[in-house]
Amino acid sequence: MEYQGVLLSRIVSPFLLLLLTSLAPFRFDVSSSSSSSGFDRVQVQNPIVEMDGDEMARIIWKMIKDKLIYPYLDLDIKYFDLGILNRDATDDKVTVESALAALEYNVAVKCATITPDEARVKEFGLKSMWRSPNGTIRNILNGTVFREPILCRNIPRIVPGWKKPICIGRHAFGDQYRATDTIIPGPGKLKMVFVPEDGEVPVELDVYNFKGPGIALAMYNVDESIRNFAESSMSLAFAKKWPLYLSTKNTILKKYDGRFKDIFQEVYEEKWKQKFEENSIWYEHRLIDDMVAYALKSEGGYVWACKNYDGDVLSDLLAQGFGSLGLMTSVLLSSDGKTLEAEAAHGTVTRHFRFYQKGQETSTNSIASIFAWTRGLEHRAKLDNNERLLDFVLKLEASCIGTVEAGEMTKDLAILTHGPRVSREFYLNTEEFIDAVARNLETKLQEPAVV
C-alpha cells in the first residue's frame, strides 16, 4: 500500500502498518449517484485538498468523512497524509506538497496534527524535530489565520453579551515570534544598526545605556506581509459583510505600529472603501486597549485584525469567552482571498487517543473538525458557484448546532451546561454524537433548499 508516494512497508513496523492501514482513508468510489436515503449526491466540479492528521483527531476525521461527507458528495479529493510518521518518512516534504496543492486547487481541509517536541521525537523515533505543519503551510499560502466561534444557544458564554460571532485575524508573521532577544550581563551601551545593501550609510540608533544587568529584544516586520494581512482581513470582512477593526498601540510604537495603521489605511482607500460603503460596512483603526474594552461590551458581529502577539493571546480569550475551544473554526485565507485552508482550532486530543488505544470509551467533540470540512466546502461552493453544495454545507452546519441545542452533545459541552460532575446520561460518546448529527442531516436534506 502506498501512503502519498512512500511505501509503508519501508517505514513502520508490521504492527504500526496494521494500525495505519486501518485508519487510512480510502478514495471514495461513487458507484451510485444516490445515497442510501435516496438523496442525489451533490456533484462537486473541482477538487479539494485533504490533509490528514494524528491521534484522536484522525479517528474522528475518518468518522466525519464516512458518515457526513462521502454519502452525500461526489467529489475528487487530493489526499495528503500529514500524520507524524509520514511527515518523518518524507522528510516533511509531504507538508510542502500539500500546501502547493492547496495553492493549485484553492481549497484545503486539514485535520489536527502533532508538532513534535523532544518527547514526541523519542515516542515516534523521529529523524528530526519537524517544524509545525501549520507554520509551513501558512508561509507557503502567505495568508492570515482567522478564528471564529460556533454559537449554540444552550452553551453558556462567559461573556453573555456576545450574541454574534467575533472573527479574529492574527497576523502570524514577525514581531516577537521572529525576534532576537538577549541577556545583558552588565553595564554598557545597546545600539541597533541597519546596514543598507546599496552601500548607503548605515543607520545607527542608540537604544539604552545599561547601568547593570538586564535584557534586550529586537524584532521586525515587513511591508509585504503587513499588506497581505490587510488584504486578507478586508477580503474576509467584505465576504461576511461585517465591519473590520485593526488594533495597535501606535501612540507608543509610533513608527512600528504606525506602519500597520498606515498600510491598512492605504489598502482600504485604494481597493476596498467603495465596496465597504456600498454594503454599509466600514474599516476602523483602534488602540488595542480601547478595542479590548469595546469587544467586551459589544454584541459581536465584526472582524478583528490583530498583530501577531495580540492575536495569539486574544484568540484564546475569545474562544473561552464564547464557551469552548472545541467550538472554534480556524481558516487560513490567502491575501487575494482565493485560497482557503480550513482546520479545527484544537489539537490532536492526545488524552482521548490514549483511552481509545486501550479500548475505552471516549467522548471527543468533533464539531470543529466538521466545520473544517464545511468551511472548506463552502469556499469551494462559492468559487464554483455551486448552490447545491452551499445548501448542503449550510444544512450540515445547522445539523451540528441543532444536535447540541437539542441536548445531544459530547462530555466537554455537557460539563459547561450541567457542571463538572455531569453523569453519563447527559452526554454522547464520540461516535454517538456524529451519528446524531448524521440523523439530523438526513432530515434537513429532505427540506427545501436554503439558498
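Here the Cβ of each residue, glycine as well, is placed from N, Cα and C on the backbone.
Fair warning: this is a prediction, and the values are worked out from it, not measured in the lab.
Residues Thr115, Ser132, Pro133, Asn134, Gly135, Thr136, Ile137, Arg138, Arg170 are given by TrEMBL as D-threo-isocitrate binders; from Arg147, Arg157, that same site also lists Arg147. Counted over every protein chain shown, other Cβ atoms within 10 Å are most numerous around Pro133 among the binding-site residues Pro133, Gly135.
Relative to Thr115 (NADP(+) binding site), the binding-site residues Ile137, Arg147, Asp289, Asp312 all have Cα atoms farther than 10 Å away. In this structure, the CA atom of Thr348 (NADP(+) binding site) is 16 Å away from the CA atom of Gly135 (D-threo-isocitrate binding site).
Considering other CB atoms within 10 Å as the measure, the emptiest surroundings among the binding-site residues Thr113, Thr350 are those of Thr350. Cβ neighbour density within 10 Å is lowest for Asp289 among the binding-site residues Asp289, Asp312.
Distances between the Cα of Thr350 (NADP(+) binding site) and those of the recorded positions Pro133, Ile137, Lys249, Asp289, Asp312 are shortest for Pro133. All chains included, 16 other C-beta atoms sit within 10 angstroms of the C-beta of Thr115 (NADP(+) binding site).
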